[in-house]
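Down below is the structure, laid out as structure tokens.
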Amino acid sequence: MNLKRISEAKLPTPWGDFLMIGFKELDKEQDHLALVLGDISTDAPVLSRIHSECLTGDALFSLRCDCGFQLKAAFKQICEEKRGLLIYHRQEGRNIGLLNKIRAYALQDQGADTVEANHQLGFATDERDFTVCANIYKILDVKAIRLLTNNPEKIKILKKEGINVVQRVSLIVESNPNNQDYLSTKKNKMGHFFKK
């Protein structure tokens, strides 16, 4: 495993107080975060979200995607249970990087959908590697998870990596006129679920 736990600190949020744990992928010099609420060391399945970094949605409040809305909803759902884990997966733009994401946005402005834009730039539909997230679960000794996701690929990869995903929990947020085509593409071309 090429992942190391580096440091931790308290992180108060509007929804609750988390323990923020920093990890580093040693071969890629890439950092990731685990935000822990409550005791996740028991055998009871942990409500968990793997949230891939989206600077435009998470920090700049973009309406082009549902990422920022999903992040807030995940924090809220975890805090309602008073126990959970949010992994902030630092693979921006489905792991094509911020500048390539801006290039993909420009192609979308010209009529391409999110999948077509990635392909036109020479990338796969989704370049993310969720094995690093599986390794975070293992380092934190999480026995079983209830995964907050609409993405069946996350579940498939985590199970393949030996993570006990006992339930998929829907993460449904409101759409808006700016992201309806994006959400439709995620459903129709990427197989995402959008029903509870």
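Cβ from N, Cα, C; glycine included.
So that you can see what the record holds, here are the features copied from Swiss-Prot:
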type     : residues                                                                              : note
ACT_SITE : Asp126                                                                                : active site, proton acceptor
ACT_SITE : Arg128                                                                                : active site, nucleophile
BINDING  : Arg49, Ile50, His51, Ser52, Glu53, Gln70, Glu92, Gly93, Arg94, Thr114, Thr149, Lys154 : GTP binding site
BINDING  : Cys54, Cys65, Cys67                                                                   : Zn(2+) binding site
Spatial neighbours of Glu92 (GTP binding site) among the recorded positions Cys54, Cys65, Cys67, Asp126, Arg128, defined as Cα within 10 A: which are they?
Cys54, Arg128
Using DSSP and three states only, what is Thr149 (GTP binding site)?
coil
In chain order, residues whose C-beta lies under 8 angstroms from the C-beta of Thr149 (GTP binding site), counting only those at least six residues away in the same chain, are Arg49, Ile50, Ile155, Arg168, Val169, Leu171
Using Cα coordinates, what distance in whole Å links Cys65 (Zn(2+) binding site) and Arg94 (GTP binding site)?
12
Please work out the number of neighbouring Cβ atoms within 10 Å of the Cβ of Cys54 (Zn(2+) binding site), leaving out its own Cβ.
23
Would you kindly give the Cα-Cα distance separating Cys67 (Zn(2+) binding site) and His51 (GTP binding site), rounded to the nearest Å?
8
Checking the contact step here: among the recorded positions Glu53, Arg94, Asp126, Arg128, which have a Cα within 10 Å of the Cα of Cys67 (Zn(2+) binding site)?
Glu53
Beyond the site residues Cys54, Cys65, Cys67: chain residues whose C-beta lies within 8 Å of the centroid, for Zn(2+)
Thr56, Gly57, Asp58, Ser62, Arg64, Asp66, Gly68, Gln70
To see if you understand the setup: which same-chain residues, six or more apart in sequence, place their Cβ under 8 Å from that of Arg94 (GTP binding site)?
Ser52, Asn118, Phe123, Thr125, Asp126, Glu127, Arg128
Mind giving me a neighbour count for Cys65 (Zn(2+) binding site)? Other Cβ atoms within 10 Å of its Cβ, every protein chain shown.
21
Name, in the order they occur in the sequence, the residues of the same chain whose CB lies under 8 A from the CB of Glu53 (GTP binding site) and which sit 6 or more residues away.
Tyr88, His89, Arg90, Gln91, Glu92
Select one residue from Arg49, His51, Arg128: among these recorded positions, choose the one with the most other Cβ atoms within 10 Å of its Cβ.
Arg49
